[in-house]
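Enquirer: A single structure is presented below for examination.
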Amino acid sequence: PPMSKQLTSNRYYPCLLCSCPTGQERKARAELKDLVVAALEDEGSGSDSDDGGDDLEAELSKLRKRGRRGGGAAGVDAVETGISGLVAVFFRRAERVVVAASNAVNLSKEEAKTEEEEEEEKEPSAPPEKKKKVEVSTTTPAPAPAPAPAPPHHPPTVPNSVASHIISSVTSASGRSSRFLLRLIPLQSTCYVDLGELVAAAGPVIERMVASAATSKVQPTFEILVKKRMCDSAALERSLIITAIASLVPEPFKVDLKAPRFTILIECFKNTAGVGLVEGYREQKKMNLQELRDEAAAASS
């Protein structure tokens, strides 16, 4: 299918973007998919990550064991984005979260119709019945139990774990080499290119950041990095995106553009946008594989 349709069909799944040399997108896509599948097949790929523990391992296990339409045995779909120097892998076995401008729901747009509405369409309306005399009870009915609150949704952390596994693999002396991949960009949530959807998608990501920061007594710091690729939407100016996302970050978080603990990644590519969260992003050379390889080689020598 056309590349724009590939992006549209994978929207709302978590994603791992990767930059590559211009003109090498097809080879980079194949190489990225091989590395992602190898990471998912590695039973120990979740053990070295700090992002989620048992929950993350359960997500990885789900991705490894069960296939998905269009995603192959590992449940991933590698696509060329149609943008020079950019390829992507979408994790189609993770939870698909369709976001609206005001909330996030775990349904696709096609599934938004309720079961009651479907039943009403299937069954014709019955003729009105004759009124019957009804005896009124004098006892007060017991109040209906309050519905259980919906559990908070946290975006899948699989892209971060896979990215960490790939970095470990390509920087290890005995690991796999990478010829066409330059920089990894894990996105825990993707959506349509719309400021309202982007804010809704960022909400759960920031919740995870707040939960992670609560484990430390040091004042948490963050930065927001925005990258737009073939996306000319006037409603998505860089300053507007930063202002909207920053308004979601609570105190006592403080902006630090030199050495922040957390980096919120905002990627807008064609008709798709994504939000990612990486801890220690600058310490990891912004996930630039060549710089990480050089650093590992210098350390070993």
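The backbone N, Cα and C atoms fix where each Cβ goes, and this holds for glycine too.
Found this in TrEMBL, in case it helps:
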- 41-58: compositional bias 'Acidic residues' (COMPBIAS)
- 41-76: region 'Disordered' (REGION)
- 107-161: region 'Disordered' (REGION)
- 113-122: compositional bias 'Acidic residues' (COMPBIAS)
- 142-158: compositional bias 'Pro residues' (COMPBIAS)
- 169-279: domain 'THUMP' (DOMAIN)
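Just tell me what is around each of these and how deep it sits.
Expert: Mean pLDDT across the domain 'THUMP' (169-279) comes to 93 in this model.
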Enquirer: Going by DSSP, how much of the domain 'THUMP' (169-279) is helix, how much is strand and how much is coil, in residues?
Expert: 34 helix, 36 strand, 41 coil
